[in-house]
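Straight from TrEMBL, the features:
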type	residues	note
TRANSMEM	33-54	transmembrane segment
TRANSMEM	139-163	transmembrane segment
TRANSMEM	175-191	transmembrane segment
TRANSMEM	198-214	transmembrane segment
TRANSMEM	263-280	transmembrane segment
TRANSMEM	355-373	transmembrane segment
TRANSMEM	416-434	transmembrane segment
TRANSMEM	446-470	transmembrane segment
TRANSMEM	476-498	transmembrane segment
Amino acid sequence: MDKGKKMKESESVVNDEDDNNCWLWLVQNGTAVTFVTIALFGFLIRVAVSIYPYSGAGNPPKFGDYEAQRHWMEITINLPIREWYRNSSSNDLSYWGLDYPPLTAYQSFVHGLFLRFFHPESVSLFASRGHESYLGKLLMRWTVLSSDALIFFPAVLYFVIVYYNKPSRTLKSAVAWHIALLLLNPCLILIDHGHFQFNCISLGFTIAAVAAIFSEKDLVACVFYCLSLNHKQMSAYFAPAFFSHLLGKCLRREHPLLEVLKLGFYVLGTFAAVWWPYLYSTNSVLEVLSRLAPFERGLFEDYVANFWCATSVLIKWKRLLTTDSLKLVSFTATIITCLPSMVQQIKSPSYRGFLYALLNSSFSFYLFSFQVHEKSILLPLLPATLLAMEDPSTFKWFVQFAMLSMFPLLCRDDLVVPYSALLALLTLIINAPGQHIDKENNYLHYYLGTTTMNLILCFYAILHIVYLTMHPPEKYPFIFEAIIMNLCFSQFVLITLGSNIKQWMLNKHVNLEIEKKLN
């Protein structure tokens, strides 16, 4: 028996070495070289995507997200800081008024200075509206590229160093694969460097906060997460997970009240530092806050794959309920669906549980909160990517449907070519040799079955072709978008149900390990 066991172990080592041979050229010199190589490749991919059009290109009078970001740079470098969120003759809030927290405004100010130094015409007050020169586009693209390089890439490196803090020769291939997933995330690349946004900043701060928690630096994590929240209010999708995990840890320490107060002090201190220019009066704070809650935009935007949009095919929510009622109902649904994940972390905080809590809480917000956009899928996709080594089958399934959910948006931006190229690259990465999936614990295979999953993937491919080559019937002009949205919604619901179950199953695994040790 012992001899047979040793032979199996030796075969396992050989297999691991064979798997690593596929990545040998990349991983043989360690994590640092691997990270730099993939980061350089990821940077080149971003540059290539930046060549293509952006949101609202050549589409007056309001253009799109590109013009919004450029306009914020124009406003912040030409007006006093106290007038950035205030409607006036110099700042018409109906034309892309600032609607993100102050840290985004400060970022716009810094980038505005950069543009003004090289190309003043692109950010001159009033005269630059709708500015679309080649040099202006080049400089704008570089603001996103630099943000990625200075914030997102270092945050990923921080996470990788902390997450893989125990060097292991057999893990080198897996580490390279995980780095590739994080740095070559096609959804983030297409939205930031194609559509044009700065999600890399807020998501970078979130990754840094997660890494800080993994390295037992909870106070630093509070600062990073508050910076993320003050850059984009959608980072609140992660708030239940951070709150419940940190509270659960505090309750297990010698002086829980003191620990909570310390965390609260750092949170309030970070918020005070960011909001300082607006703390001179209550009215000034309210002016900013009123811009952060765009309730006038409605329950959802376009065809987003969440509960409200999917069910609106049968239930006309906007006709059935008032805006105030919808706000209350959506808030209640979001909190209720977050609670199981929060209770588990308060009861049994753990690193794996925390990552699952991030995924589950962000999915609750995406599926049920008020005013959700297609781009918001980037938020649950982040913790799913961080969990890719723990749950590769879920990540692989999720990321494909995350891309599909944004496909109509990216088609409107004329980004079909980079979308197709990055989808092909994603397929190569997620199917890289050497990835071992435990089918016994793969709930997607359990509930759907291999045949059903293959049929869904065929339908997935057909939808892309149909959307690009066929015109919808005149009576139902958005039928293709509705089909895509409902397919993605069904898969997101399945994923979030499975991840909630997996999070609660962690307690069972811990108890089993304790029993084994006692016996």
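Every residue gets a Cβ built from N, Cα and C, even glycine.
The transmembrane segment (175-191) shares more Cβ pairs under 8 Å with 33-54 than with any other stretch in the list 33-54, 198-214, 263-280, 446-470. The stretch in closest packing with the transmembrane segment (416-434), judged by the count of Cβ pairs under 8 Å and taken from 33-54, 139-163, 198-214, 355-373, is 33-54.
Here the transmembrane segment (198-214) has long-range neighbours at 69, 104, 107, 143-144, 147-148, 151-156, 158-159, 161-163, 182, 188, 191-192, 220-222, 224-225, 227-228, 231-232, 234-235, 238, 242, 245-246, 351, 354-355, 358, 375, 378-379, 382, 386, meaning same-chain residues at least 6 beyond its ends whose C-beta is under 8 angstroms from one of its own. Cβ atoms under 8 Å from those of the transmembrane segment (33-54) belong to residues 26-27, 64-66, 137, 141, 144-145, 148-149, 153, 156-157, 160, 172, 175-176, 179-180, 183-184, 189-190, 192-196, 413-415, 417-418, 422, 425 of the same chain, restricted to positions at least 6 beyond its ends.
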